[in-house]
Amino acid sequence: MARPSLSPSNPLGFTPWPVTVITAVVYLALVVPLLVVHHVVPSAPSSSPKGLNLTEAWADLQELTHGFHPYNSHRNDEVHEWLLKRILELIDSAPPASEYGSVGEEKPDIVVFDDTQSNLTFSGRGSGLGVYFESTNIMVYIRGWEEDRERWWEDPHGRPAGKGGVLVNAHYDSVSTGYGATDDGVGVVSCLQLIKYFTTPGHVPRRGLVLLFNNGEEDFLNGARVYSQHPISQLPHTFLNLEGAGAGGRATLFRSSDAEVTKPYMRAPHPFGSVLSANGFEAGLISSQTDYVVFEGDLGLRGLDVAFMEPRARYHTDEDDARHTSLASVWHMLSAAVATTEGLVSDASSRFEGLPREDGRIASGSGPKGVWFDLFGSAFVVFELHTLFALSVTLLVVAPLVLLVTSIALARADKMYLFRSSASPEDSDGSEVVPLHGVRGFFRFPFLLVIPTAVTVGLAYLVTKFNPYIIHSSEYAVWSMMISAWVFLAWFVSRVADFARPSAFHRVYTLTWLFLVEWVFLVISTVYENQYGLAGGYFVLFVFAGTFLATWISYLELFALPRKSDYATQLALPSRRTSSHGSRLGTASGEDVEDGEDEDDDGTTAEATETTSLLRGQRTTFANYVRVTGDYLRDDDEEPRQPNLYGHEQAWSIHLPKWVWVLQFLLTAPLVLIFVGPLALLLTSALRQTGQDGSPSLFIYIAVAALTTLLFIPLLPFIHRYTHHIPLFLLCVFAGTLIYNLVAFPFSPANRLKLFFIQEVDLDTGVNHASLSGAYPFVHDVARRLPSTAGQNITCDLAMLRPKCSWHGIPPQVVQPAAASKMEDWLSYNITKSDSEPKAQLSISGRNTRACKVVFDRPVLDFQVADSAYDPRFPHVSPDGTKEIRLWSREWGHTWTVDVEWAADAEETDEKGPGLSGRVVCLWSDGNSAGVIPALDEVRRYAPVWAGVSKLSDGLVEGSRRFEV
């Protein structure tokens with residue numbers, strides 16, 4: 001029998017072709033712009049805006065990235081001197097005072113601080129690590145026109161008056177294996193341009209502005225911590241930190257302190273970011289930190305963290321250079337920095353002022369936690385977390401009540417077909433009923449949701465087992481596999497269900513299920529908002545709001561149906577006539593009809609015999625419907641159909657509007673794509689290459705599977721109307737991408753595997769071991785390719801969550817033979833032990849280095865570094881003692897004097913010997929000259945094109961000598 005359908009001439013009808021085309025077009029119309037926004041950086045303007053010079057900025061970036069410039073390198077000193085020169089050039093190039101007068105301003109006072117005096121000893125919280133660091137920071141202070149003219153910082157007891165200023169920070173050191181273009185060269189040149197901008201007439205700041213070029217960020221955020229010891233650090237109450245956790249692309253707002261300090265970022269021409277990234281940082285999904293934690297956590301400032309985030313494969317490698325970034329990326333960070341800083345320095349309120357604090361931190365006040373996100377990289381939304389909480393609670397209460405009231409109204413109007421299997425004619429005593437089949441479709445949703453989602457989760461485990469790093473280079477192959485599998489299975493399951501039990505209520509029941517599921521998620525999100533201050537679930541509110549409206553429309557749609565009693569009466573009329581003519585309004589096809597015995601003319605029933613049908617009481621009328629027990633009316637699937645009825649759905653569905661589904665789809669799918677789509681892309685970019693850092697690979701695949709469900713779950717109410725074309729195409733896509741994801745090599749020249757290098761030398765014996773850490777077995781394969789490993793036994797052990805493969809390396813030449821003929825002369829130390837107390841004094845120096853450390857076999861109780869400053873905001877000893885003391889100096893060949901104290905009973909409990917024991921280690925990090933670290937040169941030369949090299953620790957070469965007292 002032919003399967004009738006609604007008129008194909010209606011372009012908005014709920015029929016296969018309109019549903020397929022409209023849903024596909026809407027998804028493409030939103031997904032494509034999201035991808036473009038995520039991957040394409042807005043072009044820099046053809047001419048520089050007033051107060052900026054992009055040509056200068058690009059030239060500065062090229063000069064800055066001329067070589068590796070970690071703190072412990074001679075190139076770092078060159079960068080320091082170059083920065084001072086450039087800063088003075090920019091200040092000298094400021095217009096004369098007369099030009100400021102023409103716009104009603106005064107030329108601002110500018111003070112440059114070259115801090116070569118500050119130092120600090122501090123500890124890593126709970127890590128058993130102590131650090132002594134000497135500053136080479138550069139600070140530029142542009143006095144605000146609202147500030148007084150006193151030079152308060154020259155008074156040892158001086159304090160800034162008036163409202164707090166603004167700090168903009170970038171670090172000018174790089175890692176020893178990266179040129180530092182985006183980490184943090186773009187931030188540095190942005191700060192240079194801010195000097196130019198805020199010394200231009202018309203841009204003089206209201207509040208004081210401090211531009212900090214800090215040195216030593218890469219080695220435990222040392223530069224930001226020692227900045228706290230300079231008097232100018234008392235001025236700023238707010239800050240903007242410019243960073244790079246990737247290598248190019250867009251600069252994203254990673255995190256911020258509160259809603260008030262975030263609002264100036266709304267001025268950015270191309271805002272980018274989501275509060276969910278801040279929650280991800282707090283959860284430790286990204287295994288790195290920025291100076292933000294020092295300024296906010298240790299100093300008490302309120303501010304923002306803007307950073308590049310991808311690709312992490314280039315982060316801290318030689319591909320973090322000017323060639324792999326662009327002027328567009330420079331402009332994206334610079335424009336955001338200008339807009340945000342201008343908003344902060346022009347603020348006339350007292351919102352960033354607070355009561356004095358007893359802990360010594362800045363009295364910057366406190367603001368409400370914020371919720372923030374961008375919309376297509378063009379607009380930025382900021383509101384307070386308690387607003388989100390209030391909206392969430394309101395919607396949690398109002399939405400169910402609205403549906404409940406609507407359901408009651410439907411019931412009173414006798415139009416509540418949902419959950420109704422039958423209805424009685426109006427004048428019936430209840431013994432005669434007409435089938436409605438209103439329950440059909442209610443139990444489909446769990447299968448529609450669980451089966452596709454379970455398969456995608458299974459795919460996540462499958463890929464993790466056989467090719468866990470494929471997402472490193474082929475993230476969209478993984479996405480394509482997940483999406484194609486999910487959509488095809490959802491379509492297949494829905495088509496099977498629709499074929500077996502067709503229902504006009506598939507849409508309303510699926511939306512009702514979605515409403516219930518999302519209501520539960522909104523409850524969870526609201527609890528986390530209230531209890532833990534987590535705002536990352538903001539998207540649930542908007543998605544739930546759209547689903548609620550779509551569900552409500554489905555309920556309102558039922559008012560278009562006839563009253564159930566009228567409908568049943570109209571169907572029952574033929575059974576009460578002797579005529580063979582009858583109504584077919586109630587015929588619902590797809591039901592099998594069993595013939596029963598005819599009634600006698602007087603309505604009596606023939607006496608039952610052994611030949612009587614077992615279905616006695618079920619009677620076929622002249623109208624071809626059937627009475628079951630109690631005159632239950634049924635239909636015959638051979639009956640002629642209503643012309644506007646779709647398929648074998650219930651006959652009463654012809655009264656339902658045919659276009660409403662479009663409105664429902666537009667209320668659900670676009671909201672999901674707009675709010676969840678950017679989060680999916682952000683999470684993929686931020687985490688897809690973290691497996692090489694030791695993070696669990698399974699997490700990102702599970703996240704992709706879960707996000708696939710979130711992104712495509714709006715299709716479930718409509719997908720049973722899909723034609724077979726797109727699902728079958730997706731089945732082919734799934735087959736191809738599954739094979740590719742299981743067998744393809746996971747790395748490429750554009751997405752290299754990052755390996756971590758270190759060479760450790762025993763200066764007493766001359767024995768050295770070069771090591772590479774990284775993903776196994778690839779790290780072993782790379783080590784085996786090196787000429788120096790031929791014939792050697794490469795040993796691989798687990799270290800710092802990563803396999804570490806070591807071999808006897810080519811001896812380093814970090815100290816020239818003319819300076820020291822023997823390796824043991826590279827490092828000198830002297831230890832003097834107290835005769836009466838468990839104390840000792842160590843004097844340590846290294847040749848051609850300004851970084852050493854002392855590693856103890858057992859934690860010491862206390863230590864003091866000669867001439868060091870101490871600050872109660874930065875405890876210098878961990879609660880469980882100190883096992884390692886890192887020593888940094890601004891001078892080459894410096895001698896550190898360290899006094900240590902250990903437990904009084906240590907001599908009695910030490911099985912290794914009396915007193916104190918451990919290693920003195922010096923670090924060499926300058927890899928700019930070939931032949932200085934030949935083992936590293938060999939790795940760079942012979943490693944495959946799909947592998948890159950980064951540093952494992954602060955030093956590329958670590959030379960050690962043992963001590964015992």
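Glycine residues also receive a Cβ, built from the backbone N, Cα and C atoms like all the rest.
Worth saying up front: this structure is predicted, and the values here are computed from it rather than measured.
Asp183 is the only one of Asp183, Asp258 that Swiss-Prot places in the Zn(2+) 1 site (with His171, Glu243). Per Swiss-Prot, the Zn(2+) 2 site holds Asp183, His316; the candidate it also names there, chosen from Glu150, Glu218, Glu282, is Glu218. Thr15 and His472 carry different topological domain names in Swiss-Prot and therefore face opposite sides of the membrane.
Classification of Asp183 (Zn(2+) 1 binding site) by DSSP places it within a helix. Only pairs six or more apart in sequence are counted, and the transmembrane segment (662-682) with the transmembrane segment (17-37) gives three or more Cβ pairs under 8 Å, enough to call it a contact.
Averaged over the topological domain 'Vacuolar' (683-698), the predicted model reaches a pLDDT of 93. Broken down by DSSP into helix, strand and coil, the topological domain 'Vacuolar' (529-532) contains 4 helix, 0 strand, 0 coil. If you count C-beta pairs under 8 angstroms between the transmembrane segment (508-528) and each of 388-408, 473-493, 699-719, 726-746, the highest count goes to 388-408.
Listed in sequence order, the binding-site residues from His171, Asp183, Glu218, Glu243 having a Cα within 10 Å of the Cα of Tyr315 (site 'Transition state stabilizer') are Asp183. Within 10 Å of the Cβ of Asp183 (Zn(2+) 1 binding site) there are 28 other Cβ atoms, across all protein chains.
In this chain, the transmembrane segment (726-746) lies out of contact with the transmembrane segment (533-553); the count of Cβ pairs under 8 Å, excluding pairs fewer than 6 apart in sequence, is fewer than 3. Spacing of His316 (Zn(2+) 2 binding site) relative to Glu243 (Zn(2+) 1 binding site) is 13 Å (Cα to Cα, whole number). In this chain, the transmembrane segment (473-493) touches the transmembrane segment (726-746); three or more CB pairs sit within less than 8 A of each other, excluding pairs fewer than 6 residues apart. Candidate binding-site residues: His171, Asp183, Glu218, Glu243. Nearest to Asn793 (N-linked glycosylation site) by Cα distance: Glu218.
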